[in-house]
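> Quick one: this structure, given as structure tokens, is what I'll be asking you about.
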Amino acid sequence: MIKQRTIKQSVQETGIGLHKGDKVTMTLRPAPANTGIVFRRVDLEPHADIPARAEAVGDTMLCTCITNADGVSISTVEHLASALAGLGIDNIIVEVDSDELPIMDGSASPFIFLLQSVGIEELNAPKQFIKIKKAIKVKDGDKWAELRPHDGFRVDFRIDFDHPAISQTRQHMVLDFDSSSYVDEVSRARTFGFMKDLEYMNANNLALGGSMANAVALDEYRVLNPEGLRYSDEFLKHKILDAIGDLYLGGHSIIGELVAYKTGHGLNNKLLNALLQNQACWEFVSYDNSEELPIRFASPILAN
């Protein structure tokens, strides 16, 4: 059978929180089968667990924030969730001593590195996938996102930014994860932002940790980062990275196709909730062997 996954051992990293700009220590710990993804606030006494659940997503203005039944929240979870989705990790405890995860370099790549550095372990329990049986779509003005049946996981994604530096890059792509590697194609794409917005947010005590060390910064005309872009279509690929993370807060990899136009955290979550609340549109499936499995994950990796 295709088995659930966790990590082989714990690993710790320190970084800056995007919103407060404070130092955050994060520890990733292995978890037993059927635990799911659980965020643990160790800065609180007693410690507070916040399970990743679609219905737990609250504020999505600048990032994805999830809240438990007691009202305890954790923010900026989408890049780690995206890395976990890309590596097919089902079970993990994420301890943080803050109300937000470290932003790292603004992509999923540092999380991929941490997870791979300790190795991925298979657990003796079947991995369950959410298989799309019937299309479901959500809209917000001219923005929309849809999940459709597909034997695999494919993303058909379009953005539309009227900005000189973005409009000259690719704004539409179809990525099939049967053949495309998440780690190579998507994980290194950084979040991006406009300097005028950052200045406004800083004045309102928001995004205090935001800098060119963890984002692609744009003025009215161009990219300001001296090193330029990591991918020629980094803006588009970061939006795909976000969507993969947002959809993984349902706790399971999706067998289906995401087709989206100008979607963001709020609409991604609206789509996931609409799906999970409409049982006619999906079912849980598991697979006996890798030949049947229509998604390609990295093989379980041994830590050095």
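We count from 1, first residue shown onward.
From the backbone N, Cα and C atoms, a Cβ is placed for every residue, glycine too.
Feature list, courtesy of Swiss-Prot:
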ACT_SITE  H265  active site, proton donor
BINDING   H79, H238, D242  Zn(2+) binding site
> Just jot down the residues in the same chain as D242 (Zn(2+) binding site), at least 6 apart in sequence, with C-beta under 8 A of its C-beta; none if empty.
T64, E78, H79, S82, T191, G264, H265, N268
> Non-local Cβ contacts of H238 (Zn(2+) binding site) (under 8 Å, 6 or more apart, same chain)?
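Listed in sequence order, they are S107, A189, R190, T191, F192, V216.
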> For the recorded positions listed here (H79, H265), which one has the lowest count of neighbouring CB atoms within 10 Å of its own CB?
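Looking at the recorded positions H79, H265, the Cβ with the fewest others within 10 Å is that of H265.
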> So around the Zn(2+) site, H79, H238, D242 aside, which residues have their CB within 8 A of the centroid of those CB atoms?
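Same chain, not in H79, H238, D242, Cβ within 8 Å: E78, S82, G106, S107, A108, A189, R190, T191, K239, L241, G245.
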